[in-house]
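The coiled coil annotation in TrEMBL covers 58-128. Residues or ranges marked as transmembrane segment by TrEMBL: 426-450, 471-488, 555-576, 588-608, 708-726, 812-836.
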Amino acid sequence: MARWFRSEPMEYISLIVNEDAAHDCLADLGNLGVIQFTDLNPDLTPFQRRYVSYVKRCDELERKLRFFVGEIEKFELELVSPGTVDDFVNSSRYSSADGAKKSGSQLLESLEAEIEGYETQLRELINFSEKLTTEYNEKIELQEVLEKARRFFLSDAPRLAVSEMTTGRGEYEEGLLKYDNAPRPDLDMRFSSITGVIVSEEKTRFERMIFRATRGNCYVRFAPIEQPVADPETGLLVEKSVFIIFYKSESIELKLKKICDAFSAHRYSLPDMDDAASVEKMLSENAQELVDSRTVLLKNQDTRYRLCQMLSKHAERWTWTVLREKAVYHSLNMFKADVSGMLRGEGWVISESYDAVRDAVERAHSNMDLAMPSLVDFVAQPWPTPPTHFITNKFTYGYQEFVNTYGIPRYREANPALFTAATFPFLFGVMYGDVGHGMFLFCAGLYLLWNEKANENSKLSEMAEGMHTGRYMITMMGFFAVYAGLIYNDMFSLGLNLFGTRWSFDTENGVEEGDVAEMTANYGSEEAVYPFGLDPMWHVASNELLFFNSFKMKLSVIFGIVQMFGGTLLKGANALYFGQKLDFMYEFLPMVVFASSLFIYMVFLIFYKWAANWNSRMLSATCLAPGSEGWGSPDYDGVWTECESDTGLCTPWGYPCTGNDNTATLCPLNYGGSGDGCQPPNLITTLINIALMPGVVDEPMYAGQGPIQNILLMLAFASVPILLLAKPYLMSQASHSAAHHGDGDEEEHDEHEEHGFGEILIHQAIETIEFVLGMVSNTASYLRLWALSLAHSELATVFWEKAMLTTLNMNFFATFLGYGVFAGVTFGVLLMMDVLECFLHALRLHWVEFQNKFFKADGIRFAPYSFKQIIKEASS
């Protein structure tokens, strides 16, 4: 874990390799995955690079492989994995099927030839399939048009013709009285027709367009095709309908043909429907052609399926090979050719892997028997900004990505992920604390761990991949939720009497509302303390909510201040590590003084109030009659002393009571104020009065509390101007001194000095305001731990009481329904929504309240040249 605290040390190195061995060198370095190359040709465009032709060839191979994968997916075939990425990377890279050694260029050429052959074969089959599908669809459509048209002319046409003839006779009978030789339109009313097929979705628009274009001077009929027709280009099934249009004008015919073309409707020429023999002959011939076309089409489909089945066994391996070669040539494009036949590259390497890089380069040159030696050496400073890299494992990877999502740590800066791995699931558990609900989450995490290997070797969706990455985080969240639930003694809003309650009701006729419980042992003794967590009796007490509110609120403040103070200490650790003396002396120390004077003191008061024996203190200021029932109670820590009093009452320490005494007079502690130390204070009032009424403590808890709080307040106030002004002043003095000892224009130095001082002062003012106000607002922000924990427990209580308790006293069916409602709302609200809510609030507490105390988040992520990482990113 100490190694995870700061990023890995980096070295900036230079590589000089022979051009002939460059490919093998880069291939070996890609297997190591410990070097990040710097682009030495930033002025060149991608098309001016030395190895751009090789990159283009790899791009072309990737395009062909994507084409293969697309065709394979159409047949719903799965790609056969060539094994794990580690096995592929570590395998022999340049061996052919017969075991012969191949160079990088030879491997690329053989791969191009092999893939080109398969692509040509597959494209020919696809083109032939599209042609066959088009012909087959046309024959199906023609068959449907013939059948639908014949049915129309046999059934509907005679009826319509009789109707037209009757209507025509009625119209011309009046004309015969005037025109004896009038023509007989009913004898030659023979209409022309257009038949075809259109997509069913376009039917309404098609009919409306025909009506508008012909002004209603045509007759249209539609008949749906029962079976969908496959589209030759996409392969999707499309619903189509047969149409037949009757018209009586050549101008209308031209309009109708244009409309059909606009809607991509297929028109078919039919024989005279009165000639039944020719229609039957055409139907039988087309049916036979349909059978032949289907046979050829199925044969083509079977051939494509077998080809895709073969390609599915090699496509993944080919893709990984192309990605590896492309990565090699991309990296070679960053090298510079200073000398003919030699390439020079620079980059960052993990310090402990420097020897492995040098050995890999030397091994690649020795394998090729090259006379020109290679060179791997350190580059003298100044360096570019080093990248940040952490070595993680399965457990720590999720937490590191959790931090990197907010920002990358600076090089060698304290890593927040080390602390997040412990505090994030813990704070989540504080908010989500419930044994039952936490157990569900814990079991979900264990299930993800059980299926870890299966999920690593399979392609997951984005959400499933995120769940797999955070599997250890989810398990820890569930564990701490169970732990916090045991502390709260809360399981589905019910208390668990695991060790026996330390309270009892002294009643013989049962417990009634308003009864007071008594402790079964003396206050403060071991027998009076519940062994683990809170006593279950608090869950049935009338002041349950008041007690849990006070407990959880104080707990939230303690956790928040401790975590924020820890973040401030990490700021000091960074300043010491980087040798920033001004930051340590005039930023870190004033911050510690300010935080300790007010906020750490707040934590001290909370613990002091918890630790003080208030029973004994309050009893010491109580007047009792010697010999009475309360006299000699073991709750008092001191010695019981009798006294002589006119009233017959004495305090336990022997003060005679007069009847007009106040608490300050009766209390023996003499701490001052109205309580004099014998009255438990209101901490909120005490903390507010530190600033509003300095030196005045109405209910002190220890001697000298007022003067001590005055000293702490003065330290807090004194630390603010030091934090604001000390560092800018000293930096301006150092800059002024350097300017006077250097050469150059004095006015230019003065202008630069004024600008630099003003900029530093503004930056320091922002830093001061952010810290001072942030300590207050961030402390209040940690109260979300109390609020969400309270909301979770109260929601669980409401669901239990309203859904279960109200139905348990009814019949079985009502109880069954009540349980269903209880399980449904518990799953939807508490196991889903509340988990997400608590997760997001814990996330905010770490990103904002904790990390802003020390975390700069402006580092550069180490992007190693690694085949393993490249293949995994491409496969995800």
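Just so you know, glycine gets a Cβ as well, placed from its N, Cα and C.
TrEMBL entries are annotated by machine, without manual review.
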Positions whose Cβ lies under 8 angstroms from the transmembrane segment (708-726), at least six residues beyond its ends: 585-587, 590-591, 593-594, 597-598, 601, 690-691, 694-695, 697, 761, 764-765, 767-768, 771-772
Contact ranking winner - 426-450, 555-576, 588-608 against the transmembrane segment (471-488), Cβ under 8 Å: 426-450
Overall pLDDT of the coiled coil (58-128), taken as the mean: 83
Beyond the flanks of the transmembrane segment (588-608) by 6 or more, those residues with Cβ under 8 Å of it: 554, 557-558, 561-562, 564-565, 568-569, 571-572, 575, 683, 686-687, 690, 701-702, 709, 712-713, 715-716, 718-720, 722-723, 726, 771-772, 775, 779
Same-chain residue ranges lying at least 6 outside the transmembrane segment (555-576) that approach it to Cβ under 8 Å: 413-414, 419, 423, 427, 430, 583-584, 587-589, 591-592, 595-596, 599-600, 602-603, 606-607, 775, 778-779, 781-786, 845, 849-855
